[in-house]
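Student: Just dropping this structure here.
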Amino acid sequence: MKEKLPSVRTSYDKPQHYQRKYCLVCLTGLIGCRWHRYQQSMRDNRKRDLVVFTIIVLCFLHMVVFFYFWLVSRNSIYQIGIYMYPYTKSYFPWCDVGLAVSAVMLAYFTGIVILCLFHVKVGHQLYLHPCHLLTAFLLEVVCIIITILVHIYWPQTWPLTYLSLRVYSPFLQVVAVLVVTALAWLIVRQWIRLTFVYKMAWLPILLVVFVALCIVPFWMSSPVISSTIPEKPGIIAMAGASSVAPENTLYAFRKALDLGVTRIQTTVQISFDGIPFVFHDNTLVRTTDFEEIKNDNISEIPMRNTMSELKMFSAGSWFLQHDPWGSVWSLSENETAEISAEKIPTLSELLDFGADYESLELYLIIQPLPSWHPYCCDPGSLIDHVISESEVWVNRSSNNITTIVTDVNSHWLLSILWCAGVDFVATRHIEDLQDVASPLLHLNVVSYTALWVTVDVLSIIIIIIICVVHRIKIYGTNFSPESISLNTGCTIASYRSRTMKEKLLRDCAAVDSMDELEARDNDGMENRPAYSMLSGHHTYSLSSLIGSRVVTNAGRNMNVVSSLAPDQSEPSVALSINNRYSV
């Protein structure tokens, strides 16, 4: 009769428990795909990790500039759409797509940088998964390619970006000081743990950067920082209400007057038979139905055609067909029919239209005539002749200069020109700029000086407090040069010490297992407890014994079982003895 006794599990190690830290697991998992606790390395960062982090920060700064560029470029959404129309034959929202793509890129790099900073905060190793490295590389390549294409095909947007940075630089300086202050806790902690040589190397760099950031407003000048606010610039409708109507048509001019504008800017060209007409483009392709009714006798260049030939084209059907600015849905049936019947107006028709509005002011831009045009010698006489025959008065200014800035389609640009004292701005967004009551950002000199000095002083005080707190946390309250000199090299020595211990454990694993076999008695029982080596806060167990089996002559099986407690990152070695008795 055989009797089976329950297996007895003996272990001389007390069970360990720890509190599950899900935030740390998510932190290491999201950035390095390390979702297990034993993968959360507390080692010092390698040089490779620091180089990767530096590259990620530089890419993040590039994405900030890239996103800001597209944010500023929304002012030129009409110009970019018109410029790209010959290539795409459609009005694609390039600025909106560029802004959306740059926002996604910036959000990704922002998340990576924040996760890296949290790694530094909790003391974990900066490890980025290869997928993140590949994604960051591809996004940076895409960003560089788009930047090069913009620089080649639309370089005039860069001066506008530079202008906005220069104008809003006083406020950007305050934001930069606040960001540096927020990062001071991590920067000071990392600096104070360096060796003496590295401290002395980094100290002047950090001081120069911070001091330069604090005193740079002495060399800044911006129109948004002034004692008084000039009068709001007058609004001029470019080509009429071109955002809700086909540009340079009588319907667009009437719509602009309905929106409260009393000034209209338009372009005048001269036909081949010497009649001035209102038209902007150098070809008839974009703003007429030229593609539908073209023939060999009609040229796509407007000034090569007579006025009777130009009257054959519709100047409004293209607007209903392409809906360039997404406003066709708001038109009624009567407005749609009126737009469809619009033709290219002559200058005489425009002047007759303006005679019905006493307060209307027209700003005419005369298109230069090419050398092959029959009236290239004296185009101004034709314009003066048409104006003199109309009932419109010509007001010629003398001894003064009127400043007009065209293509102002955003609130922030209007605010800059408003503070700079510009007289008039020409826009396509009449309804938006008409409602602006004050500049977007404006401070007088005294208020900005108080803001700047207050932020700098508070930042200096906070950084000094952070330095004192870190010094007390690391070295204690009592000043001891010996402790400082000893603790300075702990960061480097700790990593080497842990590495050597792990190598020794791996090399001696086989020797330890043989020693244990020799130490057993005749029955196969082990007389000593399981080994557990401690180093700092880490437990190093003889993992090479896990899963091994020793069979004795007495028929007893001894299994070396690895028991992993719910709150234990390293497996502890325990013995499980199963005895078999036979009668």
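Including glycine, each Cβ sits where the backbone N, Cα and C put it.
Quick paste of what TrEMBL says about this protein:
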DOMAIN    233-351  domain 'GP-PDE'
TRANSMEM  50-71  transmembrane segment
TRANSMEM  91-120  transmembrane segment
TRANSMEM  132-155  transmembrane segment
TRANSMEM  167-188  transmembrane segment
TRANSMEM  200-220  transmembrane segment
TRANSMEM  445-469  transmembrane segment
Student: Should anything in the same chain at least six residues away from the transmembrane segment (91-120) have a Cβ under 8 Å from its Cβ atoms, list it; otherwise answer none.
Tutor: 27-28, 30-31, 53, 56-57, 59-60, 63-64, 66-67, 69-71, 73-74, 76-77, 80-81, 84-85, 126, 128, 132, 135-136, 139, 142-143, 146, 183, 186, 190, 322-325
Student: Please give the average pLDDT for the domain 'GP-PDE' (233-351) in this predicted model.
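Tutor: That stretch averages a pLDDT of 89.
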Student: List the helix, strand and coil residue totals of the domain 'GP-PDE' (233-351) as derived from DSSP.
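Tutor: Per-class counts: 42 helix, 19 strand, 58 coil.
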